[in-house]
Amino acid sequence: MKRSLRRVLRPEERKEVQGVVYRGVGEDMDCSKESFKVDIEGDMCRLEAFIKNRRKLSKYEDENLCLLHHAAAEGQVELMQLIINGSSCEALNVMDDYGNTPLHWAAEKNQVESVKFLLSQGANPNLRNRNMMAPLHIAVQGMYNEVIKVLTEHKATNINLEGENGNTALMSTCAKDNSEALQILLEKGAKLCKSNKWGDYPVHQAAFSGAKRCMELILAYGEKTGYSREAHINFVNHKKASPLHLAVQSGDLDMIKMCLDSGAHIDMMENAKCMALHFAATQGATDIVKLMISSYTGSSDIVNAVDGNQETLLHRASLFDHHDLADYLISVGADINSTDSEGRSPLILATASASWNIVNLLLSKGAKVDIKDHLGRNFLHLTVQQPYGLRNLRPEFLQMQHIKELVMDEDNDGCTPLHYACRQGAPVSVNNLLRFNVSVHSKSKDKKSPLHFAASYGRINTCQRLLQDISDTRLLNEGDLHGMTPLHLAAKNGHDKVVQLLLKKGALFLSDHNGWTALHHASMGGYTQTMKVILDTNLKCTDRLDEEGNTALHFAAREGHAKAVAMLLSYNADILLNKKQASFLHIALHNKRKEVVLTTIRSKRWDECLQVFTHDSPSNRCPIMEMVEYLPECMKVLLDFCMIPSTEDKSCQDYHIEYNFKYLQCPLSMTKKVTPTQDVIYEPLTILNVMVQHNRIELLNHPVCREYLLMKWCAYGFRAHMMNLGSYCLGLIPMTLLVVKIQPGMAFNSTGIINETISTHEERINTLNSFPLKICMILVFLSSIFGYCKEVVQIFQQKRNYFLDYNNALEWVIYTTSMIFVLPLFLDIPAYMQWQCGAIAIFFYWMNFLLYLQRFENCGIFIVMLEVIFKTLLRSTGVFIFLLLAFGLSFYVLLNFQDAFSTPLLSLIQTFSMMLGDINYRDAFLEPLFRNELAYPVLTFGQLIAFTMFVPIVLMNLLIGLAVGDIAEVQKHASLKRIAMQVELHTNLEKKLPFWYLRKVDQRSTIVYPNRPRHGRMLRFFHYFLSMQETRQEAPNIDTCLEMEILKQKYRLKDLTSLLEKQHELIKLIIQKMEIISETEDEDNHCSFQDRFKKERLEQMHSKWNFVLNAVKTKTHCSISHPDI
């Protein structure tokens, strides 16, 4: 369009407009869109100046409008002619941001001349905007009949074009009741048989909109096209709904009468098996029901017709309390005792929905009161649950004998109306029922009395009324089918006020069939207020056991109620083991109840809780070990408590931290028992070994554990390891001296004579050095003998585990080869065997020396890294082997004239050497090429290029990448590996060291001064290279200010809650004294905040009571609505 405007405004293409004067452009302030008005009076230059004025057009750029849209909307035909002259047809159909063309704008503004002009110029009338509206649909919506006529007369207009939701212009005409437009469309060939996406025809739309004139035209035109009025008026949509159904939904009595006069079938049912009569009955449209019933000429009983739920018209009227309609239906013969698919009569349905006018009407008409639904409930069961209960019935009905007999009638669960009233918490209904001398001892099939229901749901006022006139405590202490008394049920659901009332009335602390007391139930739910009421009444009940030996502490810990556990501990509840040898702390740990464990740790009775366990239990071990396995974060908190900082300033020289180690190891008296009891093995450093077993690196790195290991290391670990290292050096150093001082390849003995082996001449050892060499040989021999003895002892100690450690096999190789190397002291052996064993021995001696250095932190980490990288190399051996075979054999075929590749074995070895970078390109490839010795030069060099790419580049980089990744992984877990070795070392040492020595050096705690040096200069220098590094640790701040403030706010809220409850009780007493009737008098719902979750969980359980609760709480209002057409 913009290109068309530019063509219009070009000087060479400008056309003269005769007799027209352009007078400028003004803004129409009355128009909501501030559209332009352009008056053309002949001055073409001023028109050009207006179009070039971008400032005035800028405010329409958001909608992407052009001048032609506004000209069409204003009916400026001359300006439109000027704009489109010289333009293409595309300019006529240009769209704004909403998909509207100039023709849409003209139709919307009822500009007939603009529509005519645009159509004459070739505008497309069938284009639809974003709302699927064509210009014809817009004209129909605006009831612009002239525009409709112009559009329909145009040959290109599709009269049956579908718009929004599949509606044609004919459907929209019926919705507007525009009979003139309908006549125009029908004459131009609009189809009456075309439906929208819901299957509605124009006759449906006319019926729903109450368009009587359009309905008449549609039926008349249908007769002309071969459809009778009766057949046409009974067309159905996708839901099988006829026009009569839609007319009833709209509530237009005249339209309904017109449908009936045209032959609409009253008994026609839609998909939900509902007649139009059921819709009318639901709405309470008495006049419509009367009209339809009086118009029905069929043979069936239309008054008692049922829908898909087997509900009659009277059921529908009863559900929504349509009193007049129900009275009329009864008068014309409606069955007042018919039942629906759930066995509900109109009386039961009206009672469930609190339609009291209908209830009283049905009772006055003699409705049967003994009819029960499929749950066995009569209307009285439902009446007592409603607000004001029996007060809603007329007094004369309550005097009827057959109604009085219903008070003891039971449903399928054996519950009487009194059970229902007590469960719902309706004190007024309870009072009314008790006036009929109803027995409060009546039981349901699960042996529950009304008091059980009232106590279970916290109905305090109901409980007070039931217990008001009792003379004994039999009702209080009766158990149900599971042996649960009202006290059990009230405690189970956390109703502390009910529990207090029952205890005051004489309820006993009995156990149910599972051995659970009221305290067990309250602790399982975590109801601390209820527990406090019980404990204040009977303190000894804390130690009552159920059939499995569980106390209330076990229940609270299993469910994770930390506050309940804290309360029971504060009331000095005994810490006992159940039949599975588990204390409450074991149960909390196994179920990962973090808050319970933390609460127990902070308790004053923590040490007592820790000591309750059996040493021979396989699944319930020491709680510290269980804590490390299941809840390491709690163990961290416990270790934090073992760090006790001093009160001095942290920068002071006297500032110190005391580290307590009592939770990290069993007492020495238990680990060093001469005769183990009950086959229990007490190992040293038990807790640290469990940490290593479960990879608890965060615990092993805790300051307390580090100080504990440092204490062990300084006490005996460092000395023992240095002694072990020194004894190993007694064989390593002499062996090294022998290898260095003696020329390889010569056989020697104790006399210093050298036998000729490889050399062709004889040589002699310097006689001055023969004695030192003899001493070295003896030391190597003795160290090997000592090593043999040590390994044999280890075999008996470690048994099968000895053979699983590859270090032991390495030491056997060292001692054997070194002994063979020095065996010429006693025997003559060949020199080649002697020196081969010597090479093996010296190699493994120094390699094993690296493993000894793993114990030291600074150098041990690098040795661990070397070990892991070597394992990575072994994992990639498969790739090496195949590449070695591939290239080695290939080079053997191509280069077998060279000595290095003359045999397959030598070729493989040379290829392995080339893998390390020793390719020897000049001697092996280049010079043979110049001497024409290569039989296949192209293939040979191609193989060399492939080898270079695969091995030195790709494979080596792959190994480097794996090594780097493994190094990062080792660095991540290096601390765990190092500490694991330290723990293993100290564990093995403590097993071997005597008890008197351990008792002397072992410490229960240690005090560290962070601001003072811990060792002398020489010792610090030595520790820097070999020993564990010291890192300064800060003692954690356990009690933060934020926690204290939250605790203060918590107690303040409790005080406010208590004050409000007292004021509430006082106001209730004032109301009773002044005899004020309150709307809340009938409410009996005292649900505290702490038991709200428990109540919601009970309501979510599947029960037959759910239907009753839903019917009482909400009134279902079925709104019959029809989709927009």
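In case you wondered, yes, glycine gets a Cβ from its N, Cα and C as well.
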Record feature N-linked glycosylation site (Swiss-Prot), assigned residue among Asn337, Asn755: Asn755
414-443, 474-503, 1044-1073 - the one Swiss-Prot records as coiled coil: 1044-1073
According to Swiss-Prot, which candidate in Cys609, Cys666, Cys729, Cys776 joins Cys415, Cys422, Cys622, Cys642, Lys712 at the (E)-cinnamaldehyde site: Cys666
Residue pair Thr101, Glu867: same membrane side in Swiss-Prot: yes
Residue among recorded sites Pro623, Asp918 with least C-beta crowding, 10 angstrom cut-off: Asp918
Reported mean pLDDT - the repeat 'ANK 1' (63-94): 82
Spatial separation of Asp918 (site 'Crucial for calcium permeation') from Pro623 (site 'Key residue for activation by the scorpion wasabi receptor toxin') - C-alpha basis, Å: 62
Number of helical, extended and coil residues in the repeat 'ANK 8' (309-338), per DSSP: 16 helix, 0 strand, 14 coil
